[in-house]
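These notes concern the structure reproduced below.
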Amino acid sequence: MLKLIHTKMGMEKQTKREAAHCPLSLEGDADLQFMLVGGELIKIRSNSWKKNRFYKLQEDCKTMWHESHKAFRSNQTFSIDDIDSVRKGRQSEGLHKYTDASVEDQCFSIIFKGRKKNLDLMAANKDEAKQWVSGLEKVISNMRNLSRQQKSEHWIFSCMRKADKNEDNKMTLKELKHFLRQINIEVDDSYAEELFNKCDKSRSGSLEGSEIKHFYDLLTYREEIDVIYEKYAQTAGRISVRDLLNFLLNEQREQVGMADALKLIEKYELDETAKQKQHMTKDGFLMYLNHEEGSILNPAHKSVCQDMTQPLNHYYISSSHNTYLMEDQLKGPSSTEAYIRALMKSCRCVELDCWDGANGEPVIYHGYTLTSKVLFRDVIKAIKEYAFRTSEYPVILSLENHCSVEQQKLMAHHMISILGDALLTRPLGDTMPSSLPSPEELKGRFLIKGKRLNKLDAAFNNNNVIENDSVSEEDEAADSKENGQKAKAKKSKIKLAQELSDLVIYCKSVHYNGFEHAKDNQAFYEMSSFKESKAANLAETSATAYIHHNMDKLSRIYPAGSRTDSSNYNPVPMWNAGCQIVALNFQTPSKEMDLNQGRFLPNGMCGYILKPEFQRHLASQFDPITLSKGPWLKRKIFHVMVISAQQLPKLNKDKQKSIVDPLVRVELYGVPADTTSKQTHSIDNNGFNPMWNENFQFDIHVPELVMVRFVVEDYDSTSQNDLIGQYCLPLTSVQNGYRHVPLLTKRGDVICSAGLFLHLMLLDAQ
């Protein structure tokens, strides 16, 4: 039976430790059993649309089934892999709006990846709601903790089940052809028949039991792994602990010893006899390559590994623009959900565009447009709830204030009452500081960026008497007004409530009047915002001065107001100039957001990355354009061999015969001299196991600023190639040697089971 074959394919191969991460290990779990039986939940869309629907976890523990009353389909399913998170209580906007506080404990929301709408549900009682939430979280956690190899096996088995049309746990030649198309590989009929006959030992006209296992082994055979294994298996055809150490030192270029090699055998070898002899079989070797030790990302960078005690301005800070928007800037919805999503991606600077609202309550939306409005108070509550779920380092609330004085006072009240002690309301310490505090000192704190009526010293000398309560508008606010008003807008003033002014401590907004003026007049806690075009011009024409400015001041960059589609600008030149708060539209999938996700991937994805030393110390004369000699100039050669890919997803799932023609492009972004790309040829009709074996070489000048992006596309000779998947990370986080590379969707979500296999080597230039 296919179920038994699934067990033979993967589950029997797992160590006991790994078995605990498999959904099968949840057998007997009360919450899982509850979901497998299923039950009625109320699906909520509005005050008038509240319908009873039956929900049930299917036996594969990967799919949720629910009934639908739509005429064209009576049931629907969604994959557990499509779920981003499960939220207990009335935390979604829909539940908050359409249910009463008395049913708080009965409510929960399923949040999906991408743009699929949340699923807002209400159980019959709080105990059932708790079981649904707990059960879903366990299944999601188990799915995410599967190794790459296990995900691959689950995916292949799932495709096998779909191909088994009559559900007899056998596979006919016709079903085998359907299966091959399911897994994104097109073969001619004669090859499919040859493969089938090779496995059909019983000559019964269908594959079953061990014959399906044989078919699976033929299908998943990886020639490239055999070649590597046989090269290093110098001990009776197997890799001994000494052979493995030789591989780790010479091929992977790791600084390890015999004890480290032995640990890998203990951890990944599946054959007990081999393990006792301190040998590693081919299966164990593949298991090692498929885990984090064999990944392209240095495992040491998966947790916080940088010095977090330097001043705030010494870090790149993950930053969002128009955080409240889910889509474009003209008519898209504003939502607390957008803040939650940004914060859960460890964004550490979010923007609040504040306007007077009805009933005296300030609202957030994109002024002068048709974007919907969300209450300022609700946004602050969402920020409080989610700010430190994925990172404990400080969050900056960047206020663009258009409110009347009365509603500004209410803004201050909401922030103080909701954020409590986490809100920074005075400088750290008992004396006036002379530099910004560090992320470490500000753990778990909120900083307000905005206009301030007086100097920060007033917080210490109790001289808070304000003679003038008017300040100039934020630069971005003025820039966003219509072009006809622009000249006048630059000079416009707004009244500022002292209660709001007093909350601005380390991030006081001031207008940029030139680097010399800033050097002579700008305090360490004062910062300027730059429109992308202004910042790009300064980064190109006055790079060294800009870098020096950013050594002791914060700079925020924002997209041009003309980007009404919420598109993004290239953040790399801004990072090259040492700018810290490079704000992007998180809601818009783009190459620029891929680069941002890659930039903040290391250091535990905490939202802060320590800038290179030459961007932090005043003696530096670094210029990314001219590349004058200095400690930043570390010439390297980056060798990349694109070997193969595994289990690339089909792009057009509606067309059975639509198979991808993949190619791989390696893109480098850094100083202009390091920005380049090279790509492989395309392979026809094979998304399952394409092989390229193509070599590329890149000359690197400033490795500490280089970002590497791997892009897999479906080649099309008549139109633009379609993205299959991508992965981006800093060059300084790349591991040498044979490495697997995960692939992400355009929205930054992991594509289960898919990946690239590469050989990488970063060497000193001769």
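Positions of Cβ are set from backbone N, Cα and C atoms, glycine also.
TrEMBL annotations:
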ACT_SITE  His321  active site
ACT_SITE  His366  active site
BINDING   43-70, Lys449, Lys451, Ser529, Arg556  substrate binding site
BINDING   Asn322, Glu351, Asp353, Glu400  Ca(2+) 3 binding site
BINDING   Asp714, Tyr715, Asp716  Ca(2+) 5 binding site
DOMAIN    34-141  domain 'PH'
DOMAIN    151-186  domain 'EF-hand'
DOMAIN    187-222  domain 'EF-hand'
DOMAIN    500-616  domain 'PI-PLC Y-box'
DOMAIN    619-745  domain 'C2'
CARBOHYD  Ser202  O-linked glycosylation site
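In the structure as shown, the Cβ atom of Asn47 (substrate binding site) sits within 10 Å of 9 other Cβ atoms. Stretch with the largest number of CB pairs closer than 8 A to the domain 'C2' (619-745), among 34-141, 151-186, 187-222: 151-186. According to DSSP, the domain 'EF-hand' (151-186) comprises 23 helix, 2 strand, 11 coil.
Comparing Cα positions, the residue listed as 'O-linked glycosylation site' lies closest to Glu59 out of the binding-site residues Tyr55, Glu59, Lys449, Tyr715. Apart from Asn322, Glu351, Asp353, Glu400, the Ca(2+) 3 site neighbourhood in this chain, defined by C-beta within 8 angstroms of the site C-beta centre, holds His321, Thr323, Tyr324, Leu352, Ile364, His366, Ser398, Glu476.
Cα spacing between Glu59 (substrate binding site) and Asn322 (Ca(2+) 3 binding site): 42 Å, rounded to the nearest whole number. Remark: Thr63 (substrate binding site) has Leu57, Thr77, Phe78, Ser79, Ile80 as non-local neighbours, by Cβ distance under 8 Å and separation of at least 6 in sequence. For Lys449 (substrate binding site), the recorded positions whose C-alpha atoms fall inside a 10 Å radius of its own C-alpha are Glu400, out of His321, Asn322, His366, Glu400, Asp714, Asp716.
The Cβ neighbour count for Lys43 (substrate binding site), using a 10 Å radius and every protein chain shown, is 16. Within 10 Å of His321 (active site), judged by CA to CA distance, lie the following binding-site residues from the set Asn47, Tyr55, Glu351, Asp716: Glu351.
In this structure the C-alpha atoms belonging to Lys51 (substrate binding site) and Asn322 (Ca(2+) 3 binding site) are separated by 34 Å. With Tyr715 (Ca(2+) 5 binding site) as the anchor, the candidate recorded positions are Asn47, Asn322, Asp353, His366, and the one with the nearest CA is Asn322. Neighbour count (other Cβ atoms within 10 Å of the Cβ, all protein chains): 12 for Asp716 (Ca(2+) 5 binding site). Among the binding-site residues Tyr55, Asn322, Glu351, Glu400, Asp716, the residue whose Cα lies closest in space to that of His366 (active site) is Asn322. Asn47 (substrate binding site) is 29 Å away from Asn322 (Ca(2+) 3 binding site) when you measure Cα to Cα. Excluding Asp714, Tyr715, Asp716, which define the Ca(2+) 5 site, the same chain contributes Val660, Asp661, Pro662, Leu663, Ser682, Glu713, Ser717, Asn721, Asp722 within 8 Å (Cβ to the Cβ centroid), listed in sequence order.
The DSSP breakdown of the domain 'PH' (34-141) into helical (H, G, I), extended (E, B) and coil residues amounts to 35 helix, 40 strand, 33 coil.
Fewest other C-beta atoms within 10 angstroms, among the binding-site residues Tyr55, Tyr715, are seen around Tyr715.
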